[in-house]
Amino acid sequence: MAGERRDSKAAAFFCLAWALCLALPGFPQHVGGREDRADWTQEKYSHRPTILNATSILQVTSQTNVNRMWQNDLHPILIERYPGSPGSYAVRQHIKHRLQGLQAGWLVEEDTFQSHTPYGYRTFSNIISTLNPLAKRHLVVACHYDSKYFLPQLDGKVFVGATDSAVPCAMMLELARSLDRQLSFLKQSSLPPKADLSLKLIFFDGEEAFVRWSPSDSLYGSRSLAQKMASTPHPPGARNTNQIQGIDLFVLLDLIGARNPVFPVYFLNTARWFGRLEAIEQSLHDLGLLNNYSSERQYFRSNIRRYPVEDDHIPFLRRGVPILHLIPSPFPRVWHTMEDNEENLDKPTIDNISKILQVFVLEYLNLG
């Protein structure tokens, strides 16, 4: 997760300004020198979820298994994986293999590019997994899979970034696996509105700074992909709309896995979607589906607001994409230390947040 400048008030104000000016519905956006936009690009602002009832929630949560996720997805990712390292390649192959093996039929693409870093030119590779590339609109769930680069330690320890962001990666893979049946149905649906709304999972490379957080040494993968999507016509063959405009909502996961996280509201224009997370959390609690949980330690807190922090959403925010940033405040105490490892993860918390996210995704995609 992003670096040393994230607590800067100036950076926070800059991000907030973008949030208020660019991300608000109806703010003019220029595509090919024109301001006119197809009606479908406005549908995100009036989109309504299908609220799951208790029976559906019980069914969804019964499909997920945190122990299986831990063994099959988290352990393979809990290795040193800074850009260009052998671990980075291994994790990338694991993510692609897991998604390609699902029945839903994901289109899994590797977006590889080179960028200048403090250590010279490095190769980066984002992973983009799209359920239905022909759908006009996509809910995006994203995280970064790289780990921060540290010089070799005298004690031989390496930084594995458990919360930052191995756990979010594993949660996204578990979401795709446990919801495979429902997502297969969505993929096969040929009737609107389901045919025009789908899911995209993005795993960014190069989120972390190599040396010191700066506009040029950070967010390598998200900066590159946002620029690429802004210049790629969407739907295919379109002349006035692009892939950026096809993003309904950009949900970014980061620093998840420590006990008792508090997620505040960072962007007011997506507060209604944050409210759904809060409501889902309460519903799961009422149904007795959250483990080692106390309502006094609520995760999603709409009564708490914080200035935005710099992360992979920034290049998309600057292009007018609505952002739902799921990052705790304060950060976990192990942030950017060698202690951000498996030993300091809290399995019940991860299981609980994973369930909440899965219900949220189904509701957003109207798969109730």
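Including glycine, each Cβ sits where the backbone N, Cα and C put it.
Pulled from Swiss-Prot:
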- GLU207: active site, proton acceptor (ACT_SITE)
- ASP254: active site, proton acceptor (ACT_SITE)
- ASP164, GLU208, HIS336: Zn(2+) binding site (BINDING)
- CYS143-CYS169: disulfide bond (DISULFID)
- ASN53: N-linked glycosylation site (CARBOHYD)
- ASN292: N-linked glycosylation site (CARBOHYD)
- ASN352: N-linked glycosylation site (CARBOHYD)
- 1-23: signal peptide (SIGNAL)
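In terms of Cα spacing, the recorded positions CYS143, ASP164, CYS169, ASN292, ASN352 that come within 10 Å of ASP254 (active site, proton acceptor) are CYS143, ASP164, CYS169.
Counting Cβ atoms from all protein chains shown, GLU207 (active site, proton acceptor) has 28 others lying within 10 Å of its own Cβ. Highest local Cβ density among the glycosylation sites ASN53, ASN292, ASN352 belongs to ASN352, counted as other Cβ atoms within 10 Å over all protein chains shown. If you take the Cα of GLU207 (active site, proton acceptor) and the Cα of ASN352 (N-linked glycosylation site), they are about 26 angstrom apart, rounded to a whole number. Here the candidates are the recorded positions ASN53, CYS143, CYS169, ASN292, ASN352, and by Cα distance the one nearest GLU208 (Zn(2+) binding site) turns out to be CYS143.
The most densely surrounded of the recorded positions ASP164, GLU208, ASP254 is ASP164 (count of other Cβ atoms within 10 A of its Cβ).
In the three-state DSSP scheme, CYS143 (disulfide bond) is classed as strand.
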